[in-house]
Amino acid sequence: MAQLSLGSTVSISRSRHIRPPVTARHVNISTTTTKLTMPNHHPSLEVIGGGRDRFLQALHTTLRQPYNPFPLITWNRHVETIFASFFRSVPQVRLRRECLQVKDGGYVALDWVSGDDRRLPSDSPILILLPGLTGGSQDSYVRHMLTKAKCKGWRVVVFNSRGCGGSPVTTPQFYSASFLGDTREVVKHVGARYPEANLYAVGWSLGANILVRYLGQESHTCPLSGAVSLCNPFNLVIADEDFHKGFNNVYDKALARALCKIFQKHALLFEDMEGEFNIRLAANAKSVRDFDEGLTRVSFGFKSADEYYFNSSSSDSIKHVQRPLLCIQAANDPIAPSRAIPREDIKENPNCMLIVTPKGGHLGWVAGAEAPLGASWTDPVVMDFLEHLERNASKTARFSCDSEAVQHSSEGLHHVEA
């Protein structure tokens, strides 16, 4: 049950690189597009957003069709969520791992598709994948998205956060919904390595929350050319409230076990921690909130878990997003409640579009041509959106990185074959 993802688990392996400076470019989509005068999407879908007319035409082939959930499996949101987590196929892909050392001495693991450096031109678009809580490159939803993008000629890298997907933990700090430092360093490093390519990102669940917060904080200076958010809880206070209701307790306990498993592998790093840390509570957490109260909120300077959730929510970031952003949610998601979606801010932001499906559970979406065991309904929609952005991307120079940042990025790099 620990593979129920806000995330889930892999292993892999390490060498050194020095790469050239970074630059950034962004999507320049004409704003003279004729306004659509008809819905242009099936009524089974909710499609809104200030960028709706700007992006809808690129997705009309899929969105004009009714959302048809697979029979039997999707009658209940929990059945669909659990089915997708345990029974969806996991495409086999050979990966090459790089361990990137970040500023505080910790590491994150970047998993690239092996052979892409020989197979793809240097300006191929790059897709950075951010899995959910405890998730990594081993998870089925990540592998299917990776495979879809790879088949379209994209260079793909999975960003495994500290302790996730076999990523090493070398300092007494895990990642959190509030901390964007690792995300900034990963995007900067990837851009430095491929200065001719446009960068895009897709995030799921907690990874989506982190991605949207990053987009909002970077705003006009964001080096990404576009992004997609899937199953984003948006408001962590509301999500936490719902997490303790009914069957949701099963997910809560499963994720708490996954967090404790990661923690126990690195417990010696947290010996004799001073201050407000409650290591015993974190090590024996029965809920995600226990873990956050004992460890996460203290590590990142919050007075309580509630303060941590309030300040780490991405719902307030939407209004500041200045890059094309597609958000896809399921109306019956048990972990990312529909009532937490910042619909008004999405409607008012000309860079954002929201699609809400009537069913889907959490990271389920067992519908579409590949249901029930193949890729989720969202994968082709995501790729249609990203390819639309890439076709319209301006091939101008990207943002410049100072030499010190580039040197830091290259010196902290190790990689290994899976």
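Here the Cβ of each residue, glycine as well, is placed from N, Cα and C on the backbone.
These features come from TrEMBL:
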- Ser205: active site, charge relay system (ACT_SITE)
- Asp333: active site, charge relay system (ACT_SITE)
- His362: active site, charge relay system (ACT_SITE)
- 125-363: domain 'AB hydrolase-1' (DOMAIN)
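Over the domain 'AB hydrolase-1' (125-363), the average per-residue pLDDT in this prediction is 96. Counting every protein chain shown, the Cβ of Ser205 (active site, charge relay system) has 27 other Cβ atoms within 10 Å. Across the structure, His362 (active site, charge relay system) and Asp333 (active site, charge relay system) place their CA atoms 5 angstrom apart. Note: the Cα of Ser205 (active site, charge relay system) and the Cα of Asp333 (active site, charge relay system) are spaced 11 Å from each other. Taking Cβ-Cβ distances under 8 Å and a sequence gap of 6 or more within the same chain, the neighbours of Asp333 (active site, charge relay system) are Arg77, Cys231, Gly360, Gly361, His362. Other Cβ atoms within 10 Å of the Cβ of His362 (active site, charge relay system) number 29 in total over all chains.
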